[in-house]
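Novice: Mind looking over this structure? Questions follow.
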Amino acid sequence: MEVHNVLESQTIQELPPFATNSLSPSSSSSSFSSSSASSSASSFSGVPLITYSPVQTELNGTEGNVESSFNEWFRFFGIMGNGSGIEWKDIENRFDRISVTANASEPVLKWSDFGFCIGMQQSPEFANELLRALRGRKDCKTNITKGELYSFWCSLTDPCFDSRIRIFFDFCDRNMDGKITENDIKQTVLLSASTNKLSLTHEESEDYASLVMEVLDKENRGYIEISEFETLLRISLTKGPLQAKQSSMAHNSYDPFQEPTSKAEILFRSYWRRAWIILFWLVVCIVLFTWKFIQYRHRTAFEVMGYCLSTAKGAAETLKFNMALILLPVCRNTITWLRSNRRINSVIPFNDNINFHKLIAGGIVVGVILHGGTHLACDFPRISSSNSSIFQQTIAPGFGYHQPSYLEILATTEVATGIVMVVLMAIAFSLATKWPRRQSPSLPRSVRHVTGYNTFWYSHHLFIPVYALLIIHSMFLFLTDKVAEKTTWMYIAIPILIYAGERILRAIRSSCCEVQILKASFYPGKVLSLKLHKPEGFRYQSGMYIFIQCPQISPFEWHPFSLTSGPEDDYLSVHIRTLGDWSYTIYSIFQEATLSRAKDYPNLYIDGPYGAASQDHVKYDMVVLIGLGIGATPFISILKDVVNDIRKAQNNHNGCSLRKGPVKAYLYWVTREQSSFDWFRDIMKEISNSDQKQSVVEVHNFLTSIYQEGDVRSALISAIQALHHAKHGIDIVSRTPVRTHFSRPNWFSILSKLAWRHRGARIGVFYCGPSALAKELERLCTKFSTKTTTRFVFHKENY
C-alpha cells in the first residue's frame, strides 16, 4: 500500500490555514441527510444507506451565546502556530522589519506588503482586495503608515459582528455602491477558490453566483444588500463550525467519563498479545544463551579462553534460533492462512509480523556483535598467545596440535565464512533501514542514487548466500567434532522449507495468474486505477491486498496494493499512486498505451490475496476507518463489504446477517488536494445511491488546503457549499454527496464524541498513513478507553 503524508508542520510566521476543526460524528458539516435533501427529493429518494450526519440543533442557547459564537468564528486573522490569534505586536514587529522611510518622513509600508504584514502572505491577492475594502473609495495603492495600519487592525478585530460583516460586504462590493451584484459574487467566488487552491471554472462560478441571487434576491432586483448578505454568512456558519460547536456543548451535557478503567488494565488489553510474544521470544533466547554458556563453562577450552568462549557460544545458539525464526514473519501465505482461524488470530498479533521481523533482526545484530566480537577481540588472541603447554593439554587436538597465529585463525573456513556473512548481513540491514529504503532527502545525493525500494528489495535477497554460508560455517566449527553438536541445520531446516515452499507456490500461482485488464483510468495526482478480471476461484476478504508484477518493468519486482473492490464484485480493482520508480513507470506505460489507443495493455501478474490489519474489522460492531491521502484505499473495500452485508441482512426474512461484521462504519479521509476526491468519486456515489432504510456508513472528508471554516478567506465558499448541498445534495468541493470539512480534523474531539455516541461499545480504529499520526491516535485511543466506558482498539496497516 502506498501512502503519502498529508499533515505537514506549519510555522507561526506563516499563519497556516490548517487550524484544527472540531467535528462530531453527528455534525452537519459533512451531512447528507433527509433534512439537507428535502429540497432535492427528485435527486435522492428514500433514506440513504450512507449518511453524512444530519443537522441537529442540540443546544438551546440564548441569542447572546449564538452571537458570541458568530463573533468567535467569523474572523479575518487565522490561528497561529501557538493556537492563539495574531496580536497587534506581531503586526507591529513585521511593520518595523519591512517598512521604509522616504524623505525623512515617518516609516511607511508598501501597499503590496500589506498581506505579509497581517499574516496573509500566502494569499496576497485576497489581502490586496481586503485593503481596497478597508480604504473604501481611496486609492488603495498608496503606502500605509503605522497609524493607518493600526486602524485597519482595529477594524478587522472589532468584536462587533456587524462591523466585520460590513468589511466583508465592502470586500465583495467591487464598485463600493452598497450593492452586491451577481458579477460581484462571481468574482469573489473565483478569488476565494484561487486563495484556497480549489479548481473552479467560470461556468461553475456563474452557477454558484446565480444560486446565491436566487436564494437571497427574492424581489429580483439584480443585487443584494448587507442584510441579505449577513443572512448568507449566518447560513454557512450555522451549518458549519457553529453547529459543530453547539453539538459539542450539547454532548457535554452527558458526561461520558464514567466508570473509568485503570490505565494498566487498558494497556494490558491493548498490548498483551504483543507482550507475551516478545516475552516468550526473550525467554527462549535467554534460556538458549544460558544453556550454552554453562555448557562451555565446563569445557577444557575454558582454561584458554575463559568467559569469552562461553559468551560467544551462548550468542551463537541464539543466532541459530533467530536465523530460523526471522523467516516465519515474512511467510505471507502461512500467516494469511493462520489468521483466518479466529482462535489463533485472537492470541497471536499477526498484524505486527513486520515489526516482529525487525525485532528479530535486532536480536541477530546483538548476537553477531557478541558472537563475532568476542571471537575476534578475545578468543582468537587468547588462542594464538596462550601458554604452549596449556594449549597442548586442552585444545591442541582441535587445531592439529599446531598453535595457530591470529592471521592463520582468520584464514580458516569457519572464520572466513563468518566474516563474509557479517558483511552481507550488514549491507542488507543498512539498506533496509528507513532512510535508505525511502531515499530520504537528508542523505547525500551520491548515496541516494544507490538507495531506494529496489535496492532494499534486491539486497534483501543476499539472505540466500548468507544461509548457504551459515550451513558451511556450522560444519567447520572449532572445538566441536561431534555431529550431534552441530545443530544449526536442525534450527533452520523447517523454516527454510516453509519459506522455500511459499516462494515456489508464489511462483507457480503468479505464473498462472496473468490477469486481463478490463479498464485503466487516470486521476489527478498521478493515480492509476486498474480494473482487472477476477480469476476463477479467487476469493478474498475486504481489507486484503495483492502483489502486482509487470514483466515489462521487471520480472522480479512485486509490489503490494490494497484491493478497492468488494468481495462480492465480479472484478478486482486497485489504485496506484506514483510515489516511486516502479509506480511512476507503470503509470507512464499505461498512459502511453491509452493515448496511443493500443489494443493490448502491458501484461500484469498478481499474487495473493494476503491478510492485513484492516481484515480484522469483522471483529467489531463499530469501526472507525482513518485514511490519509492514498491511505484510504484499504477502507474502500470495507465500506462496500459493510453495505453489502447490511443489504443481505435486510433481504433475509429474519433480518440477520449471514456473517458477523460491523453494523456502523465511519470513514475519515484527510487529503490536501481537491483533485484527490476524484479517485473514489464513483465509488462514493455508488454507495450513497444505495436505497436502504438504515444508514450504516458515515463519511467525513477533510481538505487541508482550504482555510478553516470561519476564516474570511473560506467564508463565501462555505456559504455556497451549504446552499448547493441543501438544494442539489452534492458538495461543491468533492462533487459527491459527501460534505467536505475544511482544515485538519481534531482527533480528540472526534473520539470524544464517538465515545459519547457509542457509550459502552467496543470500537475498532483502523489507520493507514504516516507513523507520526499513528502514535497520536494510539495514545488517544488508550486515553479514551481509560477515561470512558467506550473501548477503542487501534490497528495500523503495516506493509
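Glycine is no exception: its Cβ is also placed from the backbone N, Cα and C atoms.
Not measured: the values here are computed from a predicted model.
Features from TrEMBL:
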- 160-195: domain 'EF-hand' (DOMAIN)
- 204-239: domain 'EF-hand' (DOMAIN)
- 505-616: domain 'FAD-binding FR-type' (DOMAIN)
- 275-294: transmembrane segment (TRANSMEM)
- 359-377: transmembrane segment (TRANSMEM)
- 415-435: transmembrane segment (TRANSMEM)
- 456-476: transmembrane segment (TRANSMEM)
- 488-505: transmembrane segment (TRANSMEM)
Novice: Summarise the model's confidence over the domain 'FAD-binding FR-type' (505-616) as a mean pLDDT value.
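Specialist: That stretch averages a pLDDT of 86.
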Novice: Who are the long-range neighbours of the transmembrane segment (456-476) in its own chain, taking Cβ under 8 Å and residues 6 or more past its ends?
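Specialist: Result: 320, 323, 412-414, 417-418, 420-421, 424-425, 427-428, 431-432, 436-437, 486, 488-489, 492, 496, 556-557.
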Novice: Could you pull out which residues elsewhere in the chain have a CB under 8 Å from any CB of the domain 'EF-hand' (160-195), counting only those six or more residues past its ends?
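Specialist: Residues 67, 70-71, 74-76, 123, 125-126, 129-130, 132-134, 136-137, 202, 205-206, 208-210, 212-213, 222-226, 229-230, 233, 707, 712-717, 720 contact the domain 'EF-hand' (160-195) from elsewhere in the chain.
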Novice: Can you break down the domain 'EF-hand' (160-195) into helix, strand and coil residue counts using DSSP?
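Specialist: Across the domain 'EF-hand' (160-195), DSSP assigns the residues as follows: 26 helix, 2 strand, 8 coil.
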Novice: Please report, as numbers and ranges, the same-chain residues at least 6 past the borders of the transmembrane segment (415-435) whose CB is under 8 Å from any CB of it.
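Specialist: Answer is 361, 364-365, 368, 372, 375, 380, 409, 442-443, 451, 455-456, 459-460, 462-463, 465-466, 469-470, 472-473, 476.
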Novice: Could you give me the DSSP helix, strand and coil counts for the domain 'FAD-binding FR-type' (505-616)?
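Specialist: So the domain 'FAD-binding FR-type' (505-616) is made up of 26 helix, 40 strand, 46 coil.
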